[in-house]
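Novice: Following this message is one structure expressed as C-alpha coordinates.
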Amino acid sequence: MTKYNSIMVLGAGQMGAGIAQVAAQAGIKVKLNDLKEEFVNKGLATIKSNLQRSVSKGRMDSSEAEEVLSRVRPSMALDDAADVDLVIEAIVENLDIKANVFQQLDQICPPKVVFASNTSSLPITQLAGFTNRPDKFIGMHFMNPVPVMKLVEVIRGLATSDAVAESIVELSKVMGKVPVTVNDYPGFVANRVLMPMINEAIYAVFEGVGTPEAVDEIMRLGANHPMGPLALADLIGLDTCLAIMNVLHDGFGDSKYRPCPLLKQYVQAGWMGKKTKKGFYNYE
Ligand code: CAA
(Lines of atoms letter the chains of each structure in order from A and count residues from 1; the text may use other names and numbers.)
(Lines give C-alpha, C1' and ligand atoms only; values in the text may rest on other atoms or scores of the structure.)
Protein backbone atom coordinates (compact mmCIF):
# COMPACT_ATOMS: atom_id res chain seq x y z
CA MET A 1 0.00 0.00 0.00
CA THR A 2 1.14 3.47 -0.75
CA LYS A 3 -0.35 6.86 -0.04
CA TYR A 4 1.08 8.15 -3.31
CA ASN A 5 -1.67 7.55 -5.87
CA SER A 6 -0.65 10.23 -8.29
CA ILE A 7 2.88 11.33 -9.10
CA MET A 8 4.71 13.60 -11.50
CA VAL A 9 8.00 12.37 -12.94
CA LEU A 10 10.11 15.31 -14.06
CA GLY A 11 12.36 14.47 -16.98
CA ALA A 12 11.41 11.95 -19.67
CA GLY A 13 14.92 10.69 -20.41
CA GLN A 14 16.09 7.12 -19.81
CA MET A 15 15.73 7.35 -16.01
CA GLY A 16 12.48 9.35 -15.97
CA ALA A 17 10.76 7.10 -18.51
CA GLY A 18 11.82 4.02 -16.54
CA ILE A 19 10.54 5.47 -13.26
CA ALA A 20 7.23 6.43 -14.91
CA GLN A 21 6.90 2.90 -16.29
CA VAL A 22 7.46 1.06 -13.00
CA ALA A 23 5.10 3.48 -11.20
CA ALA A 24 2.36 2.98 -13.80
CA GLN A 25 2.86 -0.79 -13.62
CA ALA A 26 2.20 -0.48 -9.87
CA GLY A 27 -1.19 1.15 -10.60
CA ILE A 28 -0.08 4.72 -9.89
CA LYS A 29 -1.24 7.61 -12.09
CA VAL A 30 1.79 9.35 -13.59
CA LYS A 31 2.34 12.69 -15.27
CA LEU A 32 5.51 12.44 -17.34
CA ASN A 33 6.88 15.94 -17.66
CA ASP A 34 9.58 17.44 -19.84
CA LEU A 35 10.31 20.77 -21.47
CA LYS A 36 9.27 19.76 -24.97
CA GLU A 37 6.59 17.49 -26.36
CA GLU A 38 9.17 15.59 -28.44
CA PHE A 39 11.10 14.64 -25.25
CA VAL A 40 7.93 13.37 -23.58
CA ASN A 41 6.94 11.45 -26.71
CA LYS A 42 10.36 9.80 -26.81
CA GLY A 43 9.92 8.70 -23.17
CA LEU A 44 6.43 7.38 -23.91
CA ALA A 45 7.75 5.47 -26.92
CA THR A 46 10.40 3.82 -24.73
CA ILE A 47 7.75 2.77 -22.21
CA LYS A 48 5.53 1.44 -24.99
CA SER A 49 8.30 -0.64 -26.50
CA ASN A 50 9.27 -2.07 -23.08
CA LEU A 51 5.62 -3.00 -22.43
CA GLN A 52 5.31 -4.57 -25.88
CA ARG A 53 8.36 -6.68 -25.10
CA SER A 54 6.73 -7.85 -21.88
CA VAL A 55 3.60 -8.79 -23.83
CA SER A 56 5.62 -10.70 -26.44
CA LYS A 57 7.44 -12.52 -23.63
CA GLY A 58 4.11 -13.49 -22.01
CA ARG A 59 4.73 -11.52 -18.82
CA MET A 60 1.75 -9.26 -19.40
CA ASP A 61 -1.34 -9.40 -21.63
CA SER A 62 -1.97 -6.65 -24.15
CA SER A 63 -4.97 -5.14 -22.33
CA GLU A 64 -2.84 -4.82 -19.19
CA ALA A 65 -0.08 -3.14 -21.21
CA GLU A 66 -2.61 -0.67 -22.62
CA GLU A 67 -3.92 0.05 -19.13
CA VAL A 68 -0.38 0.71 -17.86
CA LEU A 69 0.32 3.04 -20.77
CA SER A 70 -2.96 4.90 -20.24
CA ARG A 71 -1.88 5.73 -16.68
CA VAL A 72 1.04 7.78 -18.04
CA ARG A 73 -0.07 11.24 -19.16
CA PRO A 74 2.17 13.70 -20.96
CA SER A 75 2.90 17.06 -19.33
CA MET A 76 4.85 20.05 -20.56
CA ALA A 77 3.98 22.47 -17.73
CA LEU A 78 5.39 22.42 -14.18
CA ASP A 79 1.99 23.76 -13.02
CA ASP A 80 0.57 20.28 -13.66
CA ALA A 81 2.33 19.26 -10.42
CA ALA A 82 -0.23 21.22 -8.37
CA ASP A 83 -2.52 18.22 -7.77
CA VAL A 84 -0.11 15.26 -7.42
CA ASP A 85 0.96 13.56 -4.16
CA LEU A 86 4.63 13.24 -5.04
CA VAL A 87 7.12 14.67 -7.54
CA ILE A 88 10.08 12.52 -8.56
CA GLU A 89 12.72 14.64 -10.27
CA ALA A 90 14.96 12.97 -12.87
CA ILE A 91 16.30 15.91 -14.88
CA VAL A 92 19.86 16.86 -15.83
CA GLU A 93 22.55 16.49 -13.10
CA ASN A 94 23.10 20.22 -12.68
CA LEU A 95 22.69 21.81 -9.26
CA ASP A 96 21.57 25.23 -10.53
CA ILE A 97 18.95 23.79 -12.87
CA LYS A 98 17.60 21.44 -10.19
CA ALA A 99 17.57 24.30 -7.63
CA ASN A 100 15.55 26.47 -10.00
CA VAL A 101 13.02 23.71 -10.70
CA PHE A 102 12.55 22.87 -7.01
CA GLN A 103 12.09 26.55 -6.14
CA GLN A 104 9.30 26.75 -8.73
CA LEU A 105 7.72 23.48 -7.58
CA ASP A 106 7.76 24.72 -4.00
CA GLN A 107 5.48 27.60 -5.09
CA ILE A 108 3.23 25.41 -7.26
CA CYS A 109 2.64 22.43 -4.95
CA PRO A 110 0.69 22.52 -1.67
CA PRO A 111 2.93 22.00 1.40
CA LYS A 112 1.88 18.35 1.84
CA VAL A 113 3.38 17.29 -1.51
CA VAL A 114 6.59 15.28 -1.14
CA PHE A 115 9.62 15.94 -3.39
CA ALA A 116 12.02 13.14 -4.32
CA SER A 117 15.15 13.52 -6.39
CA ASN A 118 16.68 10.74 -8.47
CA THR A 119 20.02 12.56 -8.41
CA SER A 120 22.95 10.18 -8.67
CA SER A 121 25.14 12.19 -6.29
CA LEU A 122 24.11 15.82 -5.67
CA PRO A 123 23.57 16.42 -1.94
CA ILE A 124 19.95 15.80 -0.91
CA THR A 125 20.29 18.19 2.04
CA GLN A 126 21.44 20.98 -0.27
CA LEU A 127 18.61 20.36 -2.78
CA ALA A 128 16.10 20.27 0.08
CA GLY A 129 17.46 23.64 1.21
CA PHE A 130 16.07 25.26 -1.95
CA THR A 131 12.54 24.49 -0.74
CA ASN A 132 10.50 25.33 2.33
CA ARG A 133 9.78 21.64 2.96
CA PRO A 134 13.15 19.99 3.75
CA ASP A 135 11.29 17.47 5.96
CA LYS A 136 9.36 16.33 2.87
CA PHE A 137 12.42 16.04 0.63
CA ILE A 138 14.24 12.76 -0.03
CA GLY A 139 16.55 10.98 -2.47
CA MET A 140 15.04 8.16 -4.49
CA HIS A 141 17.94 6.85 -6.56
CA PHE A 142 16.89 4.32 -9.19
CA MET A 143 19.44 2.28 -11.15
CA ASN A 144 19.72 2.07 -14.92
CA PRO A 145 17.92 0.31 -16.64
CA VAL A 146 15.11 1.10 -14.20
CA PRO A 147 12.61 -1.60 -15.31
CA VAL A 148 15.24 -4.30 -14.74
CA MET A 149 17.30 -3.21 -11.73
CA LYS A 150 15.93 -4.14 -8.31
CA LEU A 151 17.48 -1.43 -6.14
CA VAL A 152 16.19 1.94 -5.03
CA GLU A 153 18.79 3.71 -2.91
CA VAL A 154 16.69 5.84 -0.54
CA ILE A 155 18.71 8.80 0.73
CA ARG A 156 17.64 10.70 3.81
CA GLY A 157 18.61 14.36 3.93
CA LEU A 158 19.51 15.89 7.25
CA ALA A 159 15.92 17.11 7.77
CA THR A 160 13.93 14.32 6.07
CA SER A 161 11.15 13.20 8.43
CA ASP A 162 10.79 9.58 9.54
CA ALA A 163 7.25 9.50 8.14
CA VAL A 164 8.40 10.57 4.67
CA ALA A 165 11.32 8.12 4.69
CA GLU A 166 8.98 5.26 5.66
CA SER A 167 6.42 6.20 3.02
CA ILE A 168 9.07 6.26 0.28
CA VAL A 169 10.36 2.86 1.38
CA GLU A 170 6.76 1.59 1.10
CA LEU A 171 6.32 3.18 -2.32
CA SER A 172 9.55 1.63 -3.61
CA LYS A 173 8.27 -1.80 -2.58
CA VAL A 174 4.91 -1.17 -4.27
CA MET A 175 6.93 -0.30 -7.41
CA GLY A 176 8.48 -3.76 -7.23
CA LYS A 177 11.86 -2.56 -6.02
CA VAL A 178 14.05 -3.31 -3.02
CA PRO A 179 14.71 -0.07 -1.12
CA VAL A 180 17.88 0.36 0.91
CA THR A 181 18.08 3.47 3.08
CA VAL A 182 21.30 5.40 3.57
CA ASN A 183 22.33 8.86 4.73
CA ASP A 184 23.31 11.87 2.65
CA TYR A 185 27.05 11.85 1.97
CA PRO A 186 29.00 12.37 -1.29
CA GLY A 187 28.04 9.71 -3.83
CA PHE A 188 25.78 8.05 -1.22
CA VAL A 189 26.78 4.35 -1.41
CA ALA A 190 26.07 3.03 -4.92
CA ASN A 191 28.17 5.57 -6.77
CA ARG A 192 30.81 5.97 -4.07
CA VAL A 193 31.68 2.32 -4.65
CA LEU A 194 30.81 1.87 -8.34
CA MET A 195 32.19 5.05 -9.90
CA PRO A 196 35.82 4.84 -8.66
CA MET A 197 35.90 1.34 -10.19
CA ILE A 198 34.67 2.69 -13.52
CA ASN A 199 37.17 5.59 -13.30
CA GLU A 200 39.98 3.10 -12.59
CA ALA A 201 38.93 1.04 -15.64
CA ILE A 202 39.20 4.23 -17.73
CA TYR A 203 42.70 4.83 -16.28
CA ALA A 204 43.68 1.31 -17.36
CA VAL A 205 42.75 2.26 -20.94
CA PHE A 206 44.30 5.75 -20.64
CA GLU A 207 47.61 4.30 -19.43
CA GLY A 208 47.65 1.72 -22.23
CA VAL A 209 47.34 -1.28 -19.92
CA GLY A 210 44.53 -2.76 -21.99
CA THR A 211 41.93 -2.04 -24.64
CA PRO A 212 38.32 -1.32 -23.56
CA GLU A 213 37.42 -4.81 -24.80
CA ALA A 214 40.18 -6.40 -22.70
CA VAL A 215 39.32 -4.44 -19.55
CA ASP A 216 35.62 -5.30 -19.89
CA GLU A 217 36.21 -8.97 -20.61
CA ILE A 218 38.47 -9.28 -17.58
CA MET A 219 35.79 -7.84 -15.31
CA ARG A 220 32.97 -9.87 -16.89
CA LEU A 221 34.76 -13.20 -16.79
CA GLY A 222 37.00 -12.53 -13.82
CA ALA A 223 34.62 -10.78 -11.45
CA ASN A 224 31.27 -12.01 -12.81
CA HIS A 225 30.03 -8.52 -13.63
CA PRO A 226 27.04 -8.69 -16.02
CA MET A 227 28.73 -6.12 -18.24
CA GLY A 228 32.22 -4.62 -18.19
CA PRO A 229 32.85 -1.24 -16.48
CA LEU A 230 33.41 0.62 -19.77
CA ALA A 231 30.24 -0.72 -21.39
CA LEU A 232 28.45 0.22 -18.16
CA ALA A 233 29.96 3.73 -18.28
CA ASP A 234 28.62 4.08 -21.83
CA LEU A 235 25.19 2.92 -20.62
CA ILE A 236 25.15 5.36 -17.68
CA GLY A 237 26.46 8.26 -19.81
CA LEU A 238 30.04 9.53 -19.63
CA ASP A 239 28.84 13.04 -18.70
CA THR A 240 27.02 11.54 -15.70
CA CYS A 241 30.11 9.50 -14.75
CA LEU A 242 32.25 12.66 -14.86
CA ALA A 243 29.69 14.66 -12.85
CA ILE A 244 29.69 11.95 -10.15
CA MET A 245 33.51 11.78 -10.00
CA ASN A 246 33.59 15.58 -9.61
CA VAL A 247 31.10 15.38 -6.72
CA LEU A 248 33.26 12.70 -5.01
CA HIS A 249 36.47 14.66 -5.65
CA ASP A 250 35.01 17.94 -4.34
CA GLY A 251 33.08 16.31 -1.51
CA PHE A 252 35.95 14.28 -0.02
CA GLY A 253 38.87 16.46 -1.20
CA ASP A 254 40.84 13.27 -1.76
CA SER A 255 42.96 12.83 -4.90
CA LYS A 256 41.95 9.18 -5.15
CA TYR A 257 38.68 10.43 -6.67
CA ARG A 258 40.28 12.55 -9.42
CA PRO A 259 38.45 11.95 -12.70
CA CYS A 260 40.60 10.33 -15.38
CA PRO A 261 41.74 12.88 -18.03
CA LEU A 262 40.49 10.52 -20.75
CA LEU A 263 36.98 10.65 -19.27
CA LYS A 264 37.11 14.47 -19.32
CA GLN A 265 38.34 14.46 -22.89
CA TYR A 266 35.59 12.12 -24.11
CA VAL A 267 32.97 14.38 -22.53
CA GLN A 268 34.59 17.45 -24.10
CA ALA A 269 34.43 15.69 -27.46
CA GLY A 270 30.72 15.05 -26.97
CA TRP A 271 31.32 11.29 -26.72
CA MET A 272 28.84 10.56 -23.94
CA GLY A 273 28.35 6.84 -24.53
CA LYS A 274 25.29 5.03 -25.84
CA LYS A 275 23.07 8.10 -25.96
CA THR A 276 25.37 9.88 -28.44
CA LYS A 277 26.19 6.59 -30.18
CA LYS A 278 29.86 6.95 -29.27
CA GLY A 279 31.79 6.36 -26.08
CA PHE A 280 34.26 3.57 -25.36
CA TYR A 281 32.30 1.66 -28.01
CA ASN A 282 30.45 2.67 -31.18
CA TYR A 283 26.67 2.18 -31.30
CA GLU A 284 25.87 3.14 -34.92
N1 CAA B 1 15.21 -1.06 -20.57
C2 CAA B 1 14.35 -2.05 -20.29
N3 CAA B 1 14.72 -3.35 -20.27
C4 CAA B 1 16.00 -3.65 -20.57
C5 CAA B 1 16.95 -2.65 -20.86
C6 CAA B 1 16.51 -1.30 -20.88
N7 CAA B 1 17.33 -0.30 -21.14
N8 CAA B 1 18.13 -3.24 -21.11
C9 CAA B 1 17.94 -4.57 -20.96
N10 CAA B 1 16.65 -4.81 -20.63
C11 CAA B 1 16.02 -6.10 -20.40
C12 CAA B 1 16.02 -6.89 -21.67
O13 CAA B 1 14.91 -6.52 -22.47
C14 CAA B 1 15.93 -8.31 -21.15
O15 CAA B 1 14.60 -8.59 -20.80
P16 CAA B 1 13.84 -9.94 -21.19
O17 CAA B 1 13.65 -10.61 -19.89
O18 CAA B 1 12.59 -9.45 -21.79
O19 CAA B 1 14.70 -10.70 -22.14
C20 CAA B 1 16.72 -8.26 -19.86
O21 CAA B 1 16.80 -6.88 -19.48
C22 CAA B 1 18.11 -8.80 -20.02
O23 CAA B 1 18.73 -8.09 -21.09
P24 CAA B 1 19.72 -8.74 -22.16
O25 CAA B 1 19.41 -10.19 -22.29
O26 CAA B 1 19.69 -7.91 -23.39
O27 CAA B 1 21.16 -8.51 -21.58
P28 CAA B 1 21.76 -8.85 -20.15
O29 CAA B 1 21.28 -10.15 -19.63
O30 CAA B 1 23.21 -8.61 -20.29
O31 CAA B 1 21.18 -7.72 -19.21
C32 CAA B 1 21.54 -5.64 -18.17
C33 CAA B 1 21.31 -6.36 -19.49
C34 CAA B 1 20.33 -5.81 -17.28
C35 CAA B 1 21.73 -4.16 -18.52
C36 CAA B 1 22.81 -6.26 -17.48
O37 CAA B 1 23.88 -6.25 -18.36
C38 CAA B 1 23.20 -5.54 -16.22
O39 CAA B 1 22.66 -5.79 -15.15
N40 CAA B 1 24.18 -4.63 -16.34
C41 CAA B 1 24.64 -3.82 -15.20
C42 CAA B 1 23.67 -2.70 -14.97
C43 CAA B 1 24.08 -1.85 -13.81
O44 CAA B 1 25.06 -2.07 -13.12
N45 CAA B 1 23.29 -0.81 -13.59
C46 CAA B 1 23.55 0.16 -12.55
C47 CAA B 1 24.25 1.32 -13.16
S48 CAA B 1 24.61 2.51 -11.97
C49 CAA B 1 23.29 3.49 -11.92
O50 CAA B 1 22.36 3.38 -12.65
C51 CAA B 1 23.34 4.55 -10.90
C52 CAA B 1 23.90 5.82 -11.28
O53 CAA B 1 23.57 6.81 -10.61
C54 CAA B 1 24.89 6.00 -12.32
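FYI, residue positions are counted from 1 along the chain as it appears here.
For all residues, glycine too, the Cβ spot is worked out from N, Cα and C.
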Novice: TrEMBL has Gly11, Ala12, Gly13, Gln14, Met15, Gly16, Asp34, Glu93, Lys98, Asn144, Lys275 binding NAD(+). Which one of Ser56, Ser120, Ser167 is in the same site?
Specialist: Ser120
Novice: Between the binding-site residues Gly11, Gly13, whose Cβ has more other Cβ atoms within 10 Å than any of the rest?
Specialist: Gly11
Novice: Just how many other Cβ atoms lie inside 10 Å of the Cβ on Asp34 (NAD(+) binding site)?
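Specialist: Its Cβ shell of radius 10 Å holds 23 other Cβ atoms.
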Novice: Largest pairwise Cα distance, Å, within the listed NAD(+) binders Gly11, Ala12, Gly13, Gln14, Met15, Gly16, Asp34, Glu93, Lys98, Ser120, Asn144, Lys275?
Specialist: 21
Novice: Show which residues of the chain containing His141 (site 'Important for catalytic activity'), separated from it by at least 6 in sequence, have their CB under 8 Å from its CB.
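Specialist: Within the chain, His141 (site 'Important for catalytic activity') has Cβ neighbours under 8 Å at Asn118, Thr119, Ser120, Val152, Glu153, Val154, Ile155, Phe188, Ala190.
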Novice: So how many other Cβ atoms are close to Asn144 (NAD(+) binding site), meaning within 10 Å of its Cβ?
Specialist: 16
